[in-house]
Structures are given as C-alpha cells and as structure tokens.
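Some features that TrEMBL has for this protein:
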- 59-79: transmembrane segment (TRANSMEM)
- 99-120: transmembrane segment (TRANSMEM)
- 132-150: transmembrane segment (TRANSMEM)
- 162-184: transmembrane segment (TRANSMEM)
- 196-217: transmembrane segment (TRANSMEM)
- 229-248: transmembrane segment (TRANSMEM)
- 283-301: transmembrane segment (TRANSMEM)
- 340-360: transmembrane segment (TRANSMEM)
- 367-388: transmembrane segment (TRANSMEM)
- 394-421: transmembrane segment (TRANSMEM)
- 433-459: transmembrane segment (TRANSMEM)
- 465-487: transmembrane segment (TRANSMEM)
Amino acid sequence: MTSSKPLGQRKATQEIVPSGLQTTATIDSGLTTPGSLESGSSSLCTQQQSDEPNWPREWRAYSCLFGCFLLMFNSWGLVNAYGTYASYYMQHLLPGRDILLLNLVGSTQSFIVLLLSFVVGRLLDAGFVKNIVGLGAFLVTLGMFLLSVVNGKGDYNQGNYALIWLVQGLVTGLGMACFFVSSSQVAATWFIKRKTIAIGIVASGASIAGLIYPVMTKFLIAKVGFNNAVRYVSTAVALTCVLSWWLATPNPRHPMNKVAGTKGWWRRSEIWVDSHAFRNPSFSWFVAAISIMFFGFYAIFFNLEEWAAAQGFGIKDNTPPGLDSVHLGSEVPKDAIRTFWLLSIMNACSTFGRVGTAWLGEHYGPLLVHALVTLFAALTTLLLWTLATTLPLGIAFVVLFGILSGGVIGAPPASVAWILTETSDCPHKAAKLGQWVGMMYSVSAVFALTGPVIAGHLISQFGSFVTVQCWSGACLLGAAGCMFVSWRKAEGLRRGLGRREEEGVRVVQGQRPDWSRVSTLVAEGVLEEEKEKERESDEESR
C-alpha cells in the first residue's frame, strides 16, 4: 500500500555517521524500510569515511593518542608488572605464603578491570570521558601510595597480605578499570581509517610499562627500600595519570550514544547491555575465545620468575640488586640470569607484537590475524616452554612468546571494532564500540580471576611447572579455535550484509527494489514496524 503523503514529506530516519554529521535519505518507492535505510545510510557513511584522510591532520589527534598510551601504561601495564611484586612478596614480605594467594592479588586486578568494562564502555559512549579518567587517576594513585604504608617498615616477613590485596588488588584495580577501555576507545574516535594501528600503538603502553615498572621497582628497592620505592613509583604513576587526563580528549565530531534523560535510567538493563551484540554469532564466539584465553594467559606472566628460579637458571637474591650491580658476566653465575629481567624482556618484546599485529590487521583483517597469532602462541607454550630447561631455550621462549603475547592481548578491541563494523546491522554502531568492547571484557572477568588461581593451585598441588605450562597452552589453543569459528561466522555475515546493502542502495537511489529479496528481511521482522506505521498513516489520511 502506498502512502498518500507527498513524496517530499516521506523522509528516512536519521542515521548517525562517524564524522558526527547526520544524513537524511528520501525514499522514492513509497515504503520506508529500516533494513534498507540502514544499508543506504551505511553507504552514505562509507562515502563520508572515504573523505577522511588516512591519518588525522589535527595535532589534537596525536596528543590524544599519547594520552591514551599513558592510560594503558597505568592500567594493563601495572598488571603486567605484578609478577615482580609477587616474586618480592614470596621472598621478602610474605615468605612461605602459597603461590595461589599471591596470584590472587594480580588476578583480582584483572578481574575488576574486566568486570567493570561494560559500565565504563557505556559511560564512555555517553560522553563521560573526563569523569571516568579523573576517577581512575585518583584511585590508581591512592592504591599505589597506600601500598607503601600497609607493610610496616617493609622489612623481612612484615607484609600484611589482607591489606596488600585490598590496596593493590582492589583499590588500584578499580582505578585501572577506568583506564582500560578508555585508552583504546578514546583514541579510536580520531583515527577513523587507521583505527587498528592506533589501538595497537595504545596497547603498546602496557608493554612499555611492563618493562619500565619492574626494572624501576627493583632498582629503587635496592637503593631506598620497599616502602620508599613504592612511593617513588606512585609519584610516577600520579604524574602520568594527570598528563593522560589532560591529553585524552575524544574527537568532538564523534557521535555519542547518550543515556536517557528520564528518572532512573541507570536501572534499565538496555542502557548497559546492547541486545544486538549477543545475537551476532561472530561476536558471541569471539567473547568465548577471549574468556578462554584469560583462563590461561596471565598465569604465564605471574609465574615466570618462579619457573626460572625452579629451573636453576634464574637468580633471586635476598637483597635485590640495583641496575648498577646487575651484570650477567660477573655478578651472576654462568648460565644464569636475574629473574626479573625475564619478565622485563617478555614485556618489552610484546611491544613489537602489539604494533606488528595491528599493522597486519590493517592488511589482512584484525580477527583473522588475531586467531593466527593466538594459535602460534599456544603452540609456543605447549612445545617450547615445556622443553625450555636451559637458559638459551628459556630466553628463546621469553622472546618469542613475548612477541606473540602482544598480539594476543592487544588485538581484542580492534577485532571487536571489525566485527561491529563489518557484520552488525544495529543502528548507530559507530557510537557503540565502547559498549561492545566493555561487554566482551566483562564476560571474561571471572575467567581472568580464576585462571591464575587455578594455575597456582596446580603448581602447589603437583610441585611442577609442567602443569601450568599445559594449562596455559591448552587455554590458548581453545581460544584460537573459537576465534577461527568467529572469523568464519563473520565472513558469512559480511556476505549477507553485502547483499542487503546492495538492495538498500537501489532503494535510496529510487530504483525498483527486488522484492523477493526484501521479503526475506520482512520474514526476519526487520520491516514490520515501518510497514505498520505506513498503514496507520494511510488510515489517518483517508
């Protein structure tokens, strides 16, 4: 049935486009179809994206990129550096404590960061960037400073496990949760065509922090003691947090998915959870992959130093040396290395993996590259780590896994951005990236909490690191399998959306649509609402 309204009055609903402008399409066929309109608006959106330069020309984009780098530096970077703290706790502050309990502090940080990601992501999409980053800066600085006052004088066996868990695990974890999703999503608002590479550069902040913080902590402990060392580190954290708050400003042209202004909006589940996401099979499989990955990934970082010491080629002193006394040729025995150097080397190498994976993702697709990198990381863990009984093999594993781990842990936001852009037909998807990334990480939070604890229990129960090696390798292998399924599902969805977009372009251009194909959309319930509105409009006009 054709509406009796004049053609000029039948306007398409507005679609928000990434550049922040709104476009209005006029339908010439007499029937307004949401599926077709989204496809037509998507074409207009694609046209406007094609006008964007490959790299932003505004200096604010690059200052924001550096600010987001610092956000990652003080969120996941501190998680990466926790292995050094755990080693010091076991040997000095908390001697004789079960490794399971020590792993619980680091896994609590990971759990809180991931659990709150969906809340942070949704608030970022709504425009509360400065509020979120400011709160995170306060909490991270507070937690790190309090760590310097809860362990007496910081001498041997004076550690307080409950307070360490409270300030380093809980308080600092809450602050890092404000930074984690913010770092990638704020940077992505500026780099429309180079989003994957921009996120890779931001993710490298975690690797650089994983190199700097362990070395800095070990050096300062030797010079000024544990408590003063932590105070110096917390000062560095505070300064970089303030700088990131000032620099990390989103693109003002980026569309915002504002929360409803009605009273009690925060109690509505649809505000926080996008129902479109988990109806997307590619996204659902990818969430499963990330959850399985977190089950075994950080067990490697948390237990690396203890593994090297158990193998006999890792040296741990009662009084950790400063940088001036760490010299492999004369300070340590032959075929041995300070254990904290292994963690620093692994974190430094992951920088190349994060940036390299981002570059490959730009050319071959982020999700496929992510799946391949995770597969290689699983094989490296199962085949090389289990056989690394000498220093050369140990360093080979640290370097190779470090490179691969950067891609494994740094690529999820880019993969979700690709899934959302290429396979989803939900409206205003440019403004939902933070929400989708946050939901993915929140689902995996429980796995990040329990995985390192399970690994610690396996080591304590069986007295061998082979158990954690097999555990981590199997988890990474399962994650790679789920990623490949997600990629295959995504390719199928892309082909389907391509056909729908082709039909939508014909409708927007005023050509006669192929109603045999549009009827498929009607059968899915996509067009029912608009057809009902047309019928009501016709009845009123009569």
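Every residue, even glycine, has its Cβ placed from backbone N, Cα and C.
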List, by number or range, the same-chain residues at least 6 past the transmembrane segment (162-184) whose CB is under 8 A from its CB atoms?
68-69, 71-72, 74-76, 78-79, 85, 89, 93-94, 104-106, 108-117, 120-121, 124, 129, 132-133, 135-144, 146-147, 150-151, 199, 202-203, 205, 244, 248, 413, 434, 437-438, 441
Where among 59-79, 132-150, 340-360, 433-459, 465-487 do we find the most Cβ pairs under 8 Å to the transmembrane segment (394-421)?
340-360
Positions on the same chain near the transmembrane segment (465-487), where near means CB under 8 A and six or more residues out:
281-283, 285-286, 288-290, 292-293, 295-297, 299-300, 303, 306-307, 310, 365, 367-368, 370-372, 374-375, 377-379, 381-382, 385-386, 408, 415, 419, 451, 454-455, 458-459
Using a Cβ cut-off under 8 Å, which residues of the same chain at least 6 positions beyond either end of the transmembrane segment (340-360) come close to it?
80-81, 83-84, 87, 196-201, 203-204, 206-211, 214-215, 218, 301, 304-305, 308, 314, 320, 326, 366, 369-370, 373, 394-395, 398-411, 414
Positions on the same chain near the transmembrane segment (229-248), where near means CB under 8 A and six or more residues out:
63-64, 66-68, 70-71, 73-74, 78, 129-130, 133-134, 136-137, 140-141, 144-145, 147-148, 179, 182-183, 186-187, 213, 216-217, 220-221, 223
Taking residues 6+ outside the transmembrane segment (196-217), which of them lie with a CB under 8 Å of any CB in it?
65, 68-81, 83-85, 88, 183-184, 187-188, 190, 229-230, 232-233, 236, 323, 340, 343-344, 346-351, 353-359, 361-362, 366, 406, 409-411, 413-414, 417-418
